[in-house]
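Trainee: TrEMBL lists 34, 35, 36, 208, 210, 211 with the feature Mg(2+) binding site.
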């Protein structure tokens, strides 16, 4: 799941200050781990320790209340509602990467992705966004080609993946819905040459940069066989001890044996 964390961190400084180019310093001092990273790690803990997703999300929100959450999620996390708030925001997709690594079958991945979305993003589009990203990671790590992955996603979720980053970039603006950001993140991965390029391309289209780069980076990691070694120490340095422990445990127990 390092690809998701790296994408979030690199994209974090562009979320409110879009830069529609790829020629930027990747590992900048202003980069940070946002709510995307916090909740991705929370998802990993839920899977590792067999804890309900909603309980873990609330726990991690309360430990890191200033990570940059959306208003709907923050209100939910501060309360005690057992049901979601019918969100179709991209929060369900940004945090789902560990599911794509944890599941042993596509059916299991789809089921777990749905479960991870339901505590908050119980709108059909919110569930679909989580399932599409988790399934893309699963298919990528199982060796499917980009064309096979693209065709399956288009058929299963009715996402339009025929566009290119150059098609998206000129008119794309900030959009935090699953249907307005997950297909774009998938396209950035499909038109990438490696993990770093997937993240740079995701940033370059603008919009919700940290989340789009998080999603694109998470799929790229699975497809290209991991995050480049020279970027791993920098990424880990942005995590505190608690975050690092969960991430390393997941890397060792799940990704290391995937």
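Each Cβ is built from the backbone N, Cα and C atoms, and glycine gets one as well.
Just so you know, TrEMBL annotations are computer predictions that nobody has curated.
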Trainee: If you count the other Cβ atoms within 10 Å of each Cβ, which of the binding-site residues 35, 36, 208, 210 comes out on top?
Mentor: 36
Trainee: Cβ atoms within 10 Å, counted per site: which of 34, 211 has the most, among these binding-site residues?
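Mentor: The most densely surrounded of these binding-site residues is 211.
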Trainee: Which residues, same chain and not among 34, 35, 36, 208, 210, 211, have a CB within 8 angstroms of the centroid of the CB atoms at the recorded Mg(2+) site?
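Mentor: So the additional residues around the site are 8, 11, 12, 15, 37, 68, 94, 214.
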Trainee: Which three-state DSSP class does residue 208 (Mg(2+) binding site) fall into?
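Mentor: Looking at the DSSP assignment, residue 208 (Mg(2+) binding site) belongs to neither helix nor strand, so coil.
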